[in-house]
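Under the heading transmembrane segment, TrEMBL lists 6-26, 47-67, 73-100, 126-154, 160-180, 187-205, 229-246, 278-303, 386-408, 414-436, 448-471, 477-500.
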Amino acid sequence: MVVHIGGLVAVVCFYILILMVGIWAGRKQKSSEKSPDTEEIMLAGRNIGLLVGIFTMTATWVGGAYINGTAEQVFSTGLVACQAPLGYAISLVVGGLLFARPMRNAGYVTMLDPFQRKYGQRMGGLLFIPALLGEVFWSAAILSALGATISVIFTDVSMTASIIISAAVVIVYTLFGGLYSVAYTDVVQLGFIFIGLWIAVPFAIRHEGVGNIISTWPEWRGHMDKSQIVEWMDSMLLLIFGGIPWQASVRKKLVAETGEIGKVYFQRVLSAKSAKKAMYLSFCAAVGCILLAMPPVLIGAIAKSTNWSMTDYDIKKDITSPEATKLILPLVLLHLCPKFIAFMGLGAVSAAVMSSADSSVLSASSMFARNVWKLVFRNQASEREVLLVMRLGIFLVGACAAGIGILVSSIYVLWYLCSDLVYVILFPQLLCVVYVPHTNTYGSLSAYIIGFVFRILIGEPSLSIPTLIHFGPYVPAKTLCMLISLTTTLIVSLITKILFENRIISPQLDILHCLVNIPNEILPLKESTTIDELQQPYRITKPTSTTIGQQYLSEPIMMINSSYSQSQDTLNTYTNS
């Protein structure tokens, strides 16, 4: 009991340190109650330097499920099946090459901004639904994993108490400092992860019950049957491209329920000082993901090479059971390392969880406040009101995640389906909104519906959803659903554009107001735009032929309906004739 008290004191000190760092970092922000600035809270005033940006981007990926899941997968099915480290690294490189520069140059505040500026506020709000559900379920899952980890090492601490305390710490410092607090605490948390796990590895590997991991390489390397190659490829593609528009999308059985990025990724990219630095931090974070995957890989290999009867582990409990396998990392810390090393490792796990949870909570609340509350329900909301809604969202998202983590036993199943929906629905739309000018709201809405329907039709055994469509054993089903969604966006957008612009369909039937029947809507370019600024005179800049289908700026900081095209001139001619 004395050892447990010492460990609890150490963990409490760690939580206090994180809280103090978060509060200190929050004081760096320029926003105040007298002059609120939501962009300062959401993006740290776009003043995150390259070094801090690399740390916070890496910490966003390397969460509790990342290190726990990597160790679990190596132990249970082998290194070959552990896709998360490689998939995440490639995803960061792809995101840096394709999206970091154009998104940062455009001056967006959240990932949903380009959708709302091109497809309208309400379509952007619709796209927010799967993203929000994914964030809440993901945060709940990693808080639940932390509670289980703490309950393994500190048997006298309940899982419920650990979840509540962890969620409370995350909520407090995120409320206080926004992205500044999240970024600077990520630096501290990443240090704990690196030091805590690397210190634990040599102690664990020298335990008398551990064999030579080199000689046991065939056991923890794993293998893959030919029948699993297509599923492996489908999961890898889902990791790489699904991770860009959301906090990752992974195959539960193959990637050990690991993952996180997307909206949080863009939050880091958009907070960079320049587009070039946004791209560089993506590349550097990819290297960081690989480096920080090495300790949990070694821990999984150590667990696979251990004769558990030579440890103080209760051999009556099967170490290969699902309940034990998902906790293999804390079990290695507890039974193969000295107690004080186990406590340091637990600090690493706690740091990893909080570095993921705070990012998810801030990202979800920021998008709700800006892209849903302000742009859908309250177009004239002031900065103070948006900031209040965002802070309320931080509390509600954190509280809901903690509640679900305590009460729901199958969180990962719900999160898993949400991650698939994000891959099928959001990624192709993100690709189109950035690189395909002619896409419009009709294509976006059609792809949303069709992508959702096809994903449900291919079934999900973990949710007892029957498989109604079989694409065959050699077709990656989820990737095909994503391609169907992408094709739908392109084809429907092109057809509706031709029909309306050539007067085949009456302009009055443009019910989504995105091609010819366009209302005079005004959207703020900057979140820091206040009501007073909105009332300033401005001059609309008419789009040229090179900007058709894209947002165009007006002066000083205004933007009209995103889907303006030359067909508006066609409508004017049509109605005047």
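Including glycine, each Cβ sits where the backbone N, Cα and C put it.
When Cβ-Cβ distances below 8 Å are used as the criterion, the transmembrane segment (73-100) is approached by residues 57, 61, 66, 219-224, 232, 235-236, 239-241, 243-244, 248, 250-251, 254-256, 258-259, 261, 265-266, 269, 275, 278-283, 285-287, 289-290, 293, 296-297, 299-301, 303-304, 320, 325, 328, 430-431, 434 of the same chain, each at least six residues removed from its ends. It is 448-471 that, among the stretches 47-67, 126-154, 160-180, 229-246, 448-471, forms the most Cβ pairs under 8 Å with the transmembrane segment (477-500). Residues 14, 17-18, 21, 52, 55-56, 58-59, 62, 67, 213, 292, 295-296, 298-299, 302, 332-333, 336-338, 341-342, 344-352, 354-355 of the same chain, all 6+ positions outside the transmembrane segment (187-205), place their C-beta atoms under 8 angstroms from a C-beta of that stretch. Outside the transmembrane segment (278-303), and at least 6 residues removed from its termini, the chain residues within Cβ reach (under 8 Å) are 50, 53-54, 57-58, 61-62, 66-68, 70-75, 79, 82, 84-86, 88-90, 92-93, 95-97, 100-101, 103-104, 190, 193-194, 197-198, 200-201, 204-205, 210, 213, 216, 220, 265, 268-270, 272, 319, 328-329, 331-332, 336.
Taking every recorded stretch in 47-67, 160-180, 386-408, 448-471 and counting its Cβ pairs under 8 Å to the transmembrane segment (126-154), the highest total belongs to 386-408.
Counted over residue pairs separated by six or more positions, the transmembrane segment (160-180) shares fewer than 3 Cβ pairs under 8 angstroms with the transmembrane segment (448-471), which leaves the two as not touching.
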